[in-house]
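Here's what Swiss-Prot has on this protein:
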- SER453: active site (ACT_SITE)
- ASP575: active site (ACT_SITE)
- HIS578: active site (ACT_SITE)
- 17-37: transmembrane segment (TRANSMEM)
- 45-65: transmembrane segment (TRANSMEM)
- 87-107: transmembrane segment (TRANSMEM)
- 148-168: transmembrane segment (TRANSMEM)
- 177-197: transmembrane segment (TRANSMEM)
- 211-231: transmembrane segment (TRANSMEM)
- 239-259: transmembrane segment (TRANSMEM)
- 268-288: transmembrane segment (TRANSMEM)
- 311-331: transmembrane segment (TRANSMEM)
- 333-353: transmembrane segment (TRANSMEM)
- 382-402: transmembrane segment (TRANSMEM)
Amino acid sequence: MDTKDFKRLEKMYSPRYLPGLDGLRAFAVIGIIIYHLNAQWLSGGFLGVDTFFVISGYLITSLLISEYYRTQKIDLLEFWKRRLKRLIPAVLFLICVVLTFTLIFKPELIIQMKRDAIAAIFYVSNWWYISQNVDYFNQFAIEPLKHLWSLAIEEQFYLLFPLVITFLLHRFKPRNIIQTLFIVSLISLGLMIVIHFITGDNSRVYFGTDTRLQTLLLGCILAFIWPPFALKKDISKKIVVSLDIIGISGFAVLMTLFFIVGDQDQWIYNGGFYIISFATLFIIAIAVHPSSLFAKFLSMKPLLIIGKRSYSLYLWHYPIIVFVNSYYVQGQIPVYVYIIEILLTALMAEISYRFIETPIRKKGFKAFAFLPKKKGQFARTVLVILLLVPSIVVLSGQFDALGKQHEAEKKEKKTEFKTTKKKVVKKDKQEDKQTANSKEDIKKSSPLLIGDSVMVDIGNVFTKKIPNAQIDGKVGRQLVDATPIVKSQYKDYAKKGQKVVVELGTNGAFTKDQLNELLDSFGKADIYLVSIRVPRDYEGRINKLIYEAAEKRSNVHLVDWYKASAGHPEYFAYDGIHLEYAGSKALTDLIVKTMETHATNKK
């Protein structure tokens with residue numbers, strides 16, 4: 001490329017502020033926050049992360065090629081310095097607060113937090129969670145730094161991509177660069193599909209830099225095709241209308257997906273993320289156009305305020321939600337708690353944005369110089385020191401012993417429970433005799449209980465009630481996994497008079513056909529089907545299928561755990577799914593009572 005070309009391009013690629021992108025960021029971060037507050041409210045809110053990825057790829061590439069066309073080079077050190085000032089101080093502030101809070105209020109989590117924090121500091125959280133087999137979509141574990149996986153991917157991208165794009169710009173034409181980036185994006189897509197097919201692990205492909213690169217690269221490609229700083233403002237009204245129709249349509253599709261997509265939908269791991277990200281390109285393209293009315297909509301002041309703070313809001317919302325929710329049972333959290341979480345998120349995000357991020361962005365690390373005469377700067381420095389000291393001590397491992405001690409104490413408390421005396425109700429003698437016989441029959445029976453981790457929870461309690469019961473519970477089991485096991489191992493139970501308890505659906509949705517196939521595999525056996533209580537978006541759909549099966553099939557009897565457990569937070573562990581001893585006892589009693597009632601009615 002000769003000097004004349006560079007001079008022409010220099011005028012075209014002068015950077016300018018793109019408010020439409022901040023407006024789009026606002027919608028993305030709101031979606032993410034709502035999803036983490038309660039996935040049942042916005043099941044596809046997690047797609048906001050993909051929106052961030054596409055925006056990042058687009059904006060960073062636009063800035064890099066703008067610099068290259070204006071100066072005929074890219075100052076990599078200056079680029080990395082800007083990224084460092086923009087991203088790292090806020091993350092370090094967050095980590096210090098989280099570690100200090102953990103030390104004071106959640107000492108049993110010290111060791112886990114130390115490891116997660118180290119991974120976050122070095123921006124390898126995503127690979128750390130993959131190595132630890134962490135499930136991203138398990139929102140019930142107390143992992144307040146888990147959301148930093150996406151920042152790890154972005155930072156890895158910021159570190160390596162400028163090197164790649166500099167090399168490509170020096171040696172190839174834009175058309176060839178676009179082709180190269182497109183091919184690599186397809187390779188990333190292929191890796192996601194293949195790895196997901198082989199492992200069946202949603203979180204591996206969700207966390208992986210290799211499998212998520214596709215989304216970032218689509219944004220990079222758009223930067224070459226639709227450079228924001230080269231777009232003309234003076235265009236015909238027809239073109240403006242066409243642009244707005246495209247932008248509004250794409251935005252409507254994305255918002256619809258936020259509501260209808262679920263994190264257990266398998267299609268999103270088999271090309272869905274790529275398609276959704278591709279559709280997002282059209283929204284971005286119109287959002288950055290200087291003549292678009294849609295861009296003006298995204299540039300409204302409330303959206304800009306949220307968008308400019310989207311990074312801070314993303315950082316703070318998750319640990320606040322996780323820590324506050326840890327004092328409540330998931331799925332039974334009062335509305336006022338959600339309001340408190342939103343207010344705390346806004347407060348901490350504003351503190352981070354105003355007193356940490358903005359000063360460093362303007363003054364660099366001089367903003368933390370120890371100047372007692374400047375009250376604001378002095379207070380900021382003292383706060384950082386107060387948070388930094390305990391954080392460094394935690395990271396050094398000095399409190400590991402304390403963490404182990406509290407962890408052991410908490411495990412012991414899990415076995416504690418309260419019992420209450422029930423009022424005795426007098427019954428007819430004949431009824432008492434039938435009930436007694438039924439109870440004795442049930443106690444001597446040998447039912448099969450098949451289920452997931454909830455079945456594991458009740459196993460020991462249930463066998464004390466019915467010693468001959470066969471318990472087959474497995475952590476993470478889904479209904480579709482149980483059907484082949486039943487057909488191969490439990491054929492003897494597919495006979496009239498046999499008793500089977502089925503407790504499945506906690507770990508993911510299933511279809512009517514899949515449920516029918518499982519029930520059919522038990523033949524004419526008496527099946528006791530347990531409804532589920534799980535604070536996820538599929539809870540209602542699954543229970544509807546369970547209720548319908550119990551109503552339509554004469555040999556299927558409903559064990560309505562969903563109804564019986566309502567208003568009993570003491571039954572559940574923090575996640576609102578797994579059971580404390582009181583819950584295990586209550587579910588066991590409910591199953592046994594249902595079996596006894598059915599046995600009595602038969603007589």
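Cβ atoms are placed via backbone N, Cα and C, with glycine included.
Given the structure is predicted, the values throughout are model-derived calculations rather than measurements.
What Swiss-Prot annotates, mapped onto the structure for a quick look.
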residue: SER453; record: active site; CB count, 10 Å: 17
residue: ASP575; record: active site; CB count, 10 Å: 18
residue: HIS578; record: active site; CB count, 10 Å: 19
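In this structure, the CA atom of ASP575 (active site) is 12 Å away from the CA atom of SER453 (active site). In this chain, the transmembrane segment (148-168) lies out of contact with the transmembrane segment (268-288); the count of Cβ pairs under 8 Å, excluding pairs fewer than 6 apart in sequence, is fewer than 3. Among 17-37, 45-65, 148-168, 211-231, 17-37 has the largest number of CB pairs under 8 A with the transmembrane segment (333-353). Counting Cβ pairs under 8 Å to the transmembrane segment (311-331), the top-ranked stretch among 17-37, 148-168, 177-197, 211-231, 239-259 is 17-37.
Across the structure, HIS578 (active site) and SER453 (active site) place their CA atoms 7 angstrom apart. Of the candidate ranges 17-37, 45-65, 177-197, 211-231, 239-259, 45-65 contributes the most Cβ pairs within a distance under 8 Å of the transmembrane segment (148-168).
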